Amino acid sequence: MKFATILSTTALALSSLVASKPIFLSKRDAGSSAAAAWRSESIYQLVTDRFARTDGSTSATCNTGDRVYCGGTFQGIIDKLDYIQGMGFTAIWISPVVEQIPDDTGYGYAYHGYWMKDIYAINSNFGTADDLKNLSNELHKRNMKLMVDIVTNHYAWNGAGSSVAYSNYNPFNQQSYFHDYCLITNYDDQTNVEDCWEGDNTVSLPDLRTEDSDVSSIFNLWVAELVSNYSIDGLRIDSAKHVDESFYPSFQSAAGVYLLGEVYDGDPAYTCPYQNYMSGVTNYPLYYPMLRFFQGTSNSVDELNAMISSLESDCKDITLLGNFIENHDQPRLPSYTSDSALIKNAIAFNLMSDGIPIIYYGQEQGYSGSSDPNNREALWLSGYSTSNGYYKLISSVNQIRNQAIYKDSKYTTYWSDVLYASGHVIALQRGADDQRIVSVFNNLGSSGSQTVTFSTKYSGGEKVVDVLTCQTSYANSDSTLTVSISGGAPRIYAPASLIANSGICNF
């Protein structure tokens, strides 16, 4: 690996006995307890305004095309924590919580939370500061974590960039805190990306001079206070690649928690270096080949397999990347395909891959909204069904992942071995030698079937269980495993010893 280790020689020797690819930790935040603790989390991302209302309504109108506040609140989230925890999630990621511009713009209202006006005030549409504290407290009572989305790149203005009234902002209330107005025109020019503005002249996004010490000092004091006041466990940073990289080291130190930066780029050579400045980044390099593989039955697994290898080579710590197949910026997977087998494979792959899994609210109900704003539906209109097949799948996959972590606290530090990658099937193996989980994914589709055999680290004749069907199998005498795929379903095999007395599949 290309980065330093904080493990002793003895520890390295021991780790090599139990894992084919032990993770080597960097000297800085990747090895800190704040970041390391997030490896074992499974995150449920939600849009606060669209998840749950205080009145508990399951019929309140919410037309996504109107781009208005629909009434979701912090209290609504609290009231539905059983629903989230029932899927096995251990953390939630909520929308930015600070005060937004109040205008009805050409793109609607700031219900999403990315159009800041005052970083010291809470968005009253979501509730009060006490409501947010209560949400944090209720999560921690359940041993769950709170991740809050934040924006450090820009504020917002209803209108042209040339007409911004900076005095309306708090605390950055002078033009001198912001870059001169210019829209981004060249995403291959990093200076243009960092110093010019996102947005347009309908809603302009005044770009902060985060490279200036006065701006960074204010943000550092603010984030330390935010984390302390609301007992926040992690932060997701919007538009991270648009902020000067020198801003992040002191900000990471001031925050003192896991930082997940949105680096909206599919090239690992561009995305991975951001781990030099913050704990983790959203895994867009994996997202694109994952989407292309699981959105239909025509693509082979070659591109996805190659990206897994590239991430291992280019990233400092793949176990701190945030993996996703849907989010608030991308069309939902069911907008590309209605094949439930493909969707289930994508969900299971996302949850079992190396890194921190993130599921976007509504995936468990099969929501199919395409681009923003259609992918920001009101979840209450689903009735919060717990009988949906996707809800049950997510629960089952999180359950085996959580069991693996319970049995071996180092499980999430191991890198997966690709046991098989050919045609339309990929098999991954992860964990210590005596507790390895083998996951088999495909894009054969609901009418597809195939039988594959590949080598594993299982002992000859070892009893294994597909935790998604509860069917028992045995490793072959030569330690290979024969897997029969029917109906294009994913398979996740665990040694019977791993799930003993867990309740999984009645063991």
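Every residue, even glycine, has its Cβ placed from backbone N, Cα and C.
ARG376 is the residue from ARG142, ARG376 that Swiss-Prot records in the substrate site together with TRP115, HIS154, ARG236, LYS241, HIS242, GLY266, ASP329. When ASP180, ASP200, ASP207, ASP233 are compared with the Ca(2+) 1 site residues ASN153, GLU194, HIS242 in Swiss-Prot, the one appearing in that site is ASP207. Under DSSP, HIS154 (substrate binding site) is assigned to a strand (E or B) in the three-state scheme. Using CA atoms as reference points, the recorded positions ASN229, HIS242, CYS272, ASP329 were checked against CYS182 (disulfide bond), and the closest is HIS242. Under a cutoff of 8 A between CB atoms, and with a sequence separation of 6+ in the same chain, the neighbours of GLY266 (substrate binding site) are TYR284, PRO285, TYR287, TYR288. ASP238 (active site, nucleophile) and GLU262 (active site, proton donor) are 5 Å apart (CA-CA, integer value). In this structure, the CA atom of CYS196 (disulfide bond) is 7 Å away from the CA atom of ASP207 (Ca(2+) 1 binding site). Look at the recorded positions ASN153, ASN229 and count other Cβ atoms within 10 Å of each Cβ; ASN229 has the fewest.
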